[in-house]
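Q: Checked Swiss-Prot, it gives:
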BINDING   3-17  FAD binding site
Amino acid sequence: MRVVILGSGVVGVASAWYLAKAGHEVTVIDRQPGPAMETSAANAGQISPGYAAPWAAPGVPLKAVKWMFQRHAPLAVRLDGSSFQLSWMWQMLKNCNTEHYMTNKGRMVRLAEYSRDCIKALRQETGIQYEGRQGGTLQLFRTQQQFESAAKDIAVLEDAGVPYKLLEASQLASVEPALAQVAHKLTGGLQLPNDETGDCQLFTQQLAKLAQQAGVTFLYNRSVDRLLVEGDKISGVQCGGEIFKADSYVVAFGSYSTALLRDLVSIPVYPLKGYSLTIPITDESAAPFSTVLDETYKIAITRFDQRIRVGGMAEIVGFNTQLEQKRRETLEMVVRDLYPNGGRVEDATFWTGLRPMTPDGTPIVGKTSLKNLFLNTGHGTLGWTMACGSGQLLSDLISGITPAIPSDDLGVARYSAGFRSLYTGPLNDVHPAR
């Protein structure tokens, strides 16, 4: 079967890899000159299934009001007056209750855990190198309330069979030695020892090379104008004067998926702006060993080989990609507070990107009302974490193979009135990755 994939970020390239492995003839189209040059370029570097959780959570509306008056707030909103922004925010607010939070987190953890199995199998099969580490993730708490509130997430982790360790402040240095100097600022942490880290852009570039060797065609520097429709099917993709035809089509356009699908499929995918710093390491003993996540500021600090990646924050500001100095100051403040001697912050590279976010936090992976159109988008801040699992899942659905995980509640149909998931089993109902 011929398959055209729109988008060469980590999700699009992973989709291409698994579809090619399944025997399909795959073409990837992207406006950039190479893979992973937008949202996948400089993210926080975490592969953290256990921390897969929606931003829409109980208490977030009240916190958002408080954050409006804080200098280093993890979330900021700038109203643009568009009906889409207001509608998306309203849908997100409706998900900010315990029932929806637990349902959405369960879906996200299910896909994220499966995705980690997939990337592990991919590593074993190909030997792909991307400055990856399997040292776990440590969530840091600065208040006693945060420490005690971890019980809610621990319940989900236990249901999903995810190993964890709840650590007091005095135990943090056993996981992250450099934190010994700042333990007095912290109340404890939640470690997930099975989580991983790695350079998402490097991974995507290397996987694109492997996919090309497997027969995938990459067409760069081509802007997609529109999808052509005949009846209940897509008949082609128009890029300027060129039209590309296939048997099936995959939209992995990230935040730009919504606009491309306008008048065809309604999806609530909105750009959530984030930032990162990439800092050269000057003292390895004073740098992080793996990844820490500052719960107060929602900032992740990740170790690559000779670099530290500091990433996070969320701005609901539309497609604004301007670098804001005050956001850099927040990233610098957090890394200097926790790892003051790890690297030269003044030499850091500052970056921003748009994460494709759904109001319930769960990505949209699967079929649409158009028979040969599939979606793989809306992964929010977890595109790197979920990419391989989403790619394998999508390949199975297109190939007519029963997926290894329940997936009916991951598709766009869940936004339809009256939708009820067929899946009612435990979160860890996962078959081994192929």
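Glycine too: its Cβ is placed from the backbone N, Cα and C atoms.
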Q: Let me know the most crowded of the binding-site residues, choosing from VAL3, VAL11 and counting other Cβ atoms within 10 Å.
A: VAL11
Q: Taking the Cβ of GLY9 (FAD binding site) as the centre, how many other Cβ atoms fall within a 10 Å radius?
A: 30
Q: To see if you understand the setup: which same-chain residues, six or more apart in sequence, place their Cβ under 8 Å from that of GLY7 (FAD binding site)?
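A: Non-local contacts for GLY7 (FAD binding site): VAL28, ILE29, ASP30, VAL251, ALA252, PHE253, GLY254, THR377.
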Q: I'd like the Cβ neighbour count for SER15 (FAD binding site), meaning other Cβ atoms within 10 Å of its Cβ, all protein chains included.
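A: Result for SER15 (FAD binding site): 31 neighbouring Cβ atoms inside 10 Å.
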Q: What is the number of other Cβ atoms found within 10 Å of the Cβ of VAL13 (FAD binding site)?
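A: There are 30 such Cβ atoms around VAL13 (FAD binding site).
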Q: Relative to the Cβ of ILE5 (FAD binding site), which residues of the same chain, six or more apart in sequence, are found under 8 Å away?
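A: Result: GLY12, SER15, ALA16, LEU19, VAL26, THR27, VAL28, ILE29, TYR249, VAL250, ALA252.
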